[in-house]
Amino acid sequence: MQDLGQAFATAWAMLTGFDPALWSVVLLSLKVSLGAVAIASALGIPLGAMLAVARFPGRGGVLVLLNAMMGLPPVVIGLLVYLLLSASGPFGVLHLLYTPTAMVVAQTLLVLPIVAALSRQVIEDLALEYADYFRSLGLGRAGAVATLIYDARFSLTTAVLAGFGRAIAEVGAVMIVGGNIDRVTRVMTTTIALETSKGNIALALALGLVLILIAVLVNVAVMGLRATAARAAYA
Amino acid sequence: MLRRHLIAACLALLLPALPATAQQASKFIVVQSTTSTENSGLFKYLLPLFTAKTGIEVRVVAVGTGQAIKNAANGDGDVLFVHAKADEEKFVAAGGAVKRFDVMYNDFVVVGPAADPAGVSGSKDVVAAFKAIAAKGAPFASRGDESGTHKAELALWKEAGVDVKAASGGWYRETGSGMGATLNTGVGMGAYVLTDRASWSAFGNRGTFKIAVEGDRKLFNQYGIMLVNPAKHAHVKADLGQAFIDWVLSKDGQAAIAGFKIAGEQQFFPNAAAPSN
């Protein structure tokens, strides 16, 4: 139990002490996870929107598969990306293994199904509402998709934040493809795993508290932006 | 109006093109190594000395020996620095690495709860201690991950004539994870654990645990280093990797290894002077 109290004290000391080693780890975590979420959103939201409006045979199966992929274990994604990027793998020539880029690739694959599946649900609900409106305008599918994404943008932030939550919290994928190399690919979660394995429970927990704080700050920032944008849109 | 929506939607999609930059140093090597060397803090002490001297950055991927050899076999690393001599020699023989060198040794110890349910505390005979643990059915936490430590442990069980596969899930518990995680688990459930001394020395979550068995010659733990074969993997940085190996085996490198201490105690004992092959 004394570990818990010590963890809060250590977390406080780390935050107020501006430990440069800690900040570089925090920055890399944010860079990798935000990068992955940005790419996954750029691909996942249009994909979700298209699935929302498209009707084709086997659509039900595709949706089930997409929803199921939200539960992919990070370790499995990590292994998959490792095998692809390994020097002996098909993309070995790119020399991406054990770099932050490899970590972005892995987390993008991890987050993409989440963003796409949640976007699909949000946009499909909206599409039902808009069906008559689109028909009266004689709008094509591409136009409908773009309009739906724009009008659902505030609800879609939740999908993006869910993806960010997954990315910033996962350890299995970045551990394998990043290698947890000090000052190169070490992020918050792999540091926590490392300190736990050293038996430095209080320090590991303190890093966990810092991680939670950062996740909260990112969410506050996004919600703030969203509120500002909403005010501007409906003013 | 719709047009504006369209443009805004397109912009919203294009904006987050935020690439994560890789900080690529010009001269670096990747070393596949084990958790004991990383977790004990040896690398944190050793590598800056080498980097200061040569300007070569060393990036360590610390995993179990089994996984480290597998990664090296895939060509994902320039140097392999591990502790499972038989496997290392097999790896060299298969052409995976150029030549293996002894670097240093330390020893394994058996740690256990203060209550000592198997009555092995203070023993210097690890095989007898393992027999006692099995006979009493006292809990034992194994790495179970084909690491160097796990292989050393399995060899000792074999010598003790105990079939641990049959006992797995009962008193014999395979955690399937790294040294630190296994120590955490062992401490949590009061189970004996075989660990390398350096990992134990640097371990912070000991509870009531202390060293029960040490000092048996069978607990000897040899570390070896080798260059991943550039003939097999053309991208291996043979010059830089060899420079690291040469330094580790040099008088300077060996002295640095001997100088690494935890709580005033030397953890690794350099023995490169007497190469075995």
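Our numbering is plain: 1 for the first residue shown, then up by one each step along the chain.
Yeah, the Cβs are placed from backbone N, Cα and C, and that goes for glycine too.
Per TrEMBL, the features are:
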- A:7-26: transmembrane segment (TRANSMEM)
- A:26-222: domain 'ABC transmembrane type-1' (DOMAIN)
- A:32-54: transmembrane segment (TRANSMEM)
- A:61-85: transmembrane segment (TRANSMEM)
- A:97-118: transmembrane segment (TRANSMEM)
- A:159-181: transmembrane segment (TRANSMEM)
- A:201-222: transmembrane segment (TRANSMEM)
Ranking A:7-26, A:32-54, A:97-118, A:159-181, A:201-222 by the number of C-beta pairs under 8 Å to the transmembrane segment (A:61-85), which range is first?
A:97-118
Between the transmembrane segment (A:201-222) and the transmembrane segment (A:7-26), are there at least three Cβ pairs closer than 8 Å, leaving out pairs fewer than 6 positions apart?
yes
For the transmembrane segment (A:32-54), which stretch among A:7-26, A:97-118, A:159-181 has the most Cβ pairs under 8 A?
A:97-118
Using a Cβ-Cβ cut-off of under 8 Å, list the residues of the same chain that are 6+ residues beyond the ends of the transmembrane segment (A:7-26) and lie near it.
183, 186-188, 191, 201-203, 205-210, 213-214
In the same chain, who gets a Cβ under 8 Å from the transmembrane segment (A:159-181) while lying at least 6 residues past its ends?
29-30, 32-34, 36-37, 40-41, 44-45, 48, 73-75, 77-79, 81-82, 85, 97-100, 102-103, 105-107, 110-111, 114-115, 118-119, 122, 187-194, 211, 214-215, 218-219, 222
